[in-house]
Amino acid sequence: MRFAYGRLPWRRGAVLGSALLVLVTAPAASTATERSGPAPARSVILLIGDGMGDAEITAARNYSVGAAGRLAMDTLDASGRRTTYAVDERGRPVYVTDSAAGATAWATGRRTVNGRVSKSHDTDRPMPTLLELARDRGYATGSVTTASVADATPAALTAHVTDRSCKGPADMAACPADTRAGGGEGSIAEQTVAARPDVLLGGGADHFAQTVTDGPFRGRTVTQQARAAGYQVVRDRTQLAAARPGRPVLGLFAPEYVPVEWTGPPAAPGGTAPQRCATRNPGRPAGTPDLAESTRAALDLLTARAHHRGAPGRGFFLQVEGASIDDRAHEADPCGQLGETLAFDRAVAAALDHAERHPRTLVIVTADHGHATQILPHDARPAGLSATLVTDEGGVMQLGYGTALPGETQEHTGVPVPVAARGPLADRVRGVQDNTSLFGTVTAALGLR
């Protein structure tokens with residue numbers, strides 16, 4: 001069955017704040033069964049709306065399906081809140097997290113320093129990730145993003161570096177101990193290939209085009225390293241559709257971030273005239289798959305890959321990130337932000353459709369952190385940047401961005417983010433939880449610990 005979303009009557013479930021985790025699961029199990037019997041879940045799909053807090057979701061809902069409507073991500077059954085904070089090197093709270101520390105929290109179950117990727121806050125040592133644990137237990141694994149596949153959120157599953165900027169072999173200035181010459185495992189791109197997820201889809205071609213400087217692939221690009229490891233390297237939707245599950249797939253659809261879907265005037269001092277967003281970006285190449293397409297492709301490839309492996313009860317672990325919600329909010333670009341939020345919601349719908357066809361499925365939705373967006377009275381005169389939009393239902397909505405001076409990058413916020421779930425173990429997300437709690441939910445669902 002396919003879900004019909006839009007102006008729906010209220011269903012059990014909460015307004016989500018940011019990311020969606022779909023777990024393919026079995027009937028709820030007791031704690032003893034989780035420890036000693038079959039895992040409650042066969043597969044997990046974790047979808048992350050980067051920077052997609054309550055205001056970002058509400059703005060997208062208002063603009064598209066209306067204030068009384070419901071997005072796909074609004075339809076999950078159990079809901080709660082997650083804290084979002086990092087720590088410093090001494091373990092003291094840092095109340096606003098970045099995406100690296102935020103992703104490390106759910107990927108490893110431990111907090112770390114802002115900018116650090118799946119390494120400890122005090123000793124700077126690698127910490128095992130959900131993807132690594134799932135892979136080592138025989139699950140197929142994958143990561144889909146609209147950022148570079150070497151960006152902070154996907155990197156938290158596949159790499160361990162001191163600083164998130166160390167994406168390719170030429171980017172290692174902030175990570176001397178992580179270089180191969182320094183005794184480390186190399187850049188995020190190199191480590192990601194070495195981690196060997198079955199599916200990697202997103203941007204980041206420029207990072208993979210860099211030349212490896214040390215180790216067995218010295219003098220070759222990271223893309224060549226991937227091909228040597230058996231990866232099918234695809235560059236557009238046609239090549240993605242032709243990929244086969246017998247070998248791992250690396251999709252590089254853009255030099256860095258995948259171009260956004262919508263465009264429009266940015267927020268400005270004193271506001272803008274009421275406007276509509278342009279729902280087609282002329283700067284987006286025609287062959288670029290959208291996030292829902294990439295999600296469906298990854299689900300099909302991983303399902304087939306898991307079946308081919310034949311491990312009893314083992315499906316897959318997949319993370320899907322809508323990265324440019326955060327990127328566009330940083331730039332006070334309301335139309336870009338709304339378009340990416342709605343593109344993410346279509347990926348959520350694709351995941352829910354998959355889960356409906358594969359009944360051992362649990363869905364969890366959350367975010368890494370909040371962002372700068374505020375929904376203001378249409379006649380307000382805010383001190384910061386603002387833009388006024390005319391929604392699909394004919395309303396007037398003013399969005400404000402006031403966490404930085406005009407011309408500077410808007411900031412994350414330290415608020416809790418919504419989390420919601422559907423399926424067995426969904427009740428684990430209820431209440432107010434720590435931002436490391438998803439690690440425990442996923443490991444329990446897949447029987448990883």
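Glycine is treated like the rest: Cβ placed from N, Cα and C.
Of the given residue ranges 107-129, 268-290, Swiss-Prot assigns the label region 'Disordered' to 268-290. Mg(2+) binds Asp151, Thr153, Glu321 as Swiss-Prot records it, and from the list Asp50, Asp54, Asp236 the residue named for this site is Asp50. Record check, Swiss-Prot: Zn(2+) 1 site residues include Asp326, His330, and the candidate from His160, His207, His412 also listed there is His412.
Within 8 Å of the centroid defined by the CB atoms of Asp326, His330, His412, the record's Zn(2+) 1 site, lie the Cβ atoms of Asp50, Gly51, Ser99, Asp327, Ala329, His369, His371, Ala372, Thr409, Gln410, Glu411, excluding the listed residues themselves. In sequence order, Ile48, Asp50, Ser99, Ala100, Gly102, Ala103, Thr145, Ala147, Gln319, Glu321, Ala323, Asp368 are the residues of the chain that are 6 or more apart from Thr153 (Mg(2+) binding site) and have a CB within less than 8 Å of its CB. His369 (Zn(2+) 2 binding site) and Asp326 (Zn(2+) 1 binding site) are 9 Å apart (CA-CA, integer value). A gap of 7 Å separates the Cα atoms of His412 (Zn(2+) 1 binding site) and His369 (Zn(2+) 2 binding site).
In sequence order, Ile48, Ser99, Ala103, Thr145, Thr146, Ala147, Ala152, Pro154, Gly322, Ala323, Asp326, Asp368 are the residues of the same chain, not among Asp50, Asp151, Thr153, Glu321, whose CB sits within 8 A of the CB centroid for the Mg(2+) site. The Cβ of His330 (Zn(2+) 1 binding site) has Gly51, His371, Ala372, Thr409, Gln410 as same-chain neighbours under 8 Å, each 6 or more residues away in sequence. With a 10 A radius on its CB, Asp326 (Zn(2+) 1 binding site) counts 30 other CB atoms from all the protein chains.
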